[in-house]
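**Student:** Take a look at what TrEMBL says about it:
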- His117: active site, pros-phosphohistidine intermediate (ACT_SITE)
- Lys11, Phe59, Arg87, Thr93, Arg104, Asn114: ATP binding site (BINDING)
- 3-139: domain 'Nucleoside diphosphate kinase-like' (DOMAIN)
Amino acid sequence: MSVQQTLSIIKPNAVAKNAIGAICERFEKAGLRIVAARMSHLTREQATAFYAVHQGKPFFDELVGFMTSGPVLAMALEGEDAIALNREIMGATNPAQAAPGTIRADFADSFTENAVHGSDAPDTAATEIAFFFPEGVCPRTR
Ligand code: IDP
């Protein structure tokens with residue numbers, strides 16, 4: 001186990017249903033600390049760049065359309081094993097397969113509109129945090 005940082009995005013459908021507080025509470029209760037946060041309304045170019053790895057897949061256009069449909073809250077979360085812990089709290093990508101009590105089970109509207117994003121590995125976490133927070137995140141205070 002080691003202290004890691006991971007990128008979380010509360011996606012437009014969850015922001016629209018006023019679930020930011022409920023979702024952040026789950027992160028904090030699990031021991032994850034929010035060390036950076038920014039609301040933004042992504043442009044097509046930004047969403048395309050963020051999800052470049054999925055370009056050409058059948059769901060890509062729908063994904064970019066969804067991610068640009070309204071504001072998102074991007075956060076850097078920090079904690080012990082933050083990457084895997086966040087993915088556990090989020091639940092499976094397909095909400096139909098997400099375990100009860102996970103964020104996606106409770107806040108997703110569809111496979112695409114699945115409420116949250118979380119980095120899947122240390123290298124992608126670093127790239128994704130830098131994408132939203134090029135100035136860096138808050139230093140640890142204690
Ligand atoms: P992840 O968000 O759980 O890491 P990825 O496979 O990286 O999952 O997919 C990125 C996002 O693209 C998903 O969160 C979801 O919004 C969307 N997505 C992935 N696969 C599908 C699909 O088969 N149908 C519709 N949307 C999908």
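Cβ coordinates are placed from backbone N, Cα and C, and glycine is handled just like the others.
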**Student:** Provide the three-state secondary structure of His117 (active site, pros-phosphohistidine intermediate) computed with DSSP.
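**Tutor:** His117 (active site, pros-phosphohistidine intermediate) sits in a strand per DSSP.
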**Student:** If you count CB neighbours within 10 Å, which one among the recorded positions Lys11, Arg87, Arg104, His117 has the smallest count?
**Tutor:** Arg87
**Student:** Can you count the other CB atoms that lie within 10 A of the CB of Asn114 (ATP binding site)?
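**Tutor:** So the number of other Cβ atoms within 10 Å of Asn114 (ATP binding site) is 23.
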**Student:** Per 10 Å Cβ neighbour count, which of the binding-site residues Phe59, Thr93 ranks highest?
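**Tutor:** When each Cβ's neighbours within 10 Å are tallied, Thr93 leads.
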**Student:** Sorry to bug you, but what's the C-alpha spacing from Lys11 (ATP binding site) to His117 (active site, pros-phosphohistidine intermediate), rounded to the closest Å?
**Tutor:** 7
**Student:** Where does Lys11 (ATP binding site) sit in DSSP terms: helix, strand, or coil?
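**Tutor:** Its secondary structure by DSSP: coil.
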**Student:** Can you count helix, strand and coil residues in the domain 'Nucleoside diphosphate kinase-like' (3-139) using DSSP?
**Tutor:** 61 helix, 28 strand, 48 coil
**Student:** Mind running the recorded positions Lys11, Phe59, Thr93, Arg104, Asn114, His117 against ligand 1 and keeping the ones whose CB falls under 6 Å of it?
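**Tutor:** Listed by sequence, the hits are Phe59, Thr93, Asn114, His117.
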**Student:** Find the longest CA to CA distance in the recorded ATP-binding set Lys11, Phe59, Arg87, Thr93, Arg104, Asn114; express it in Å as a whole number.
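**Tutor:** With Lys11, Phe59, Arg87, Thr93, Arg104, Asn114 as the binding residues for ATP, the largest Cα distance is 21 Å.
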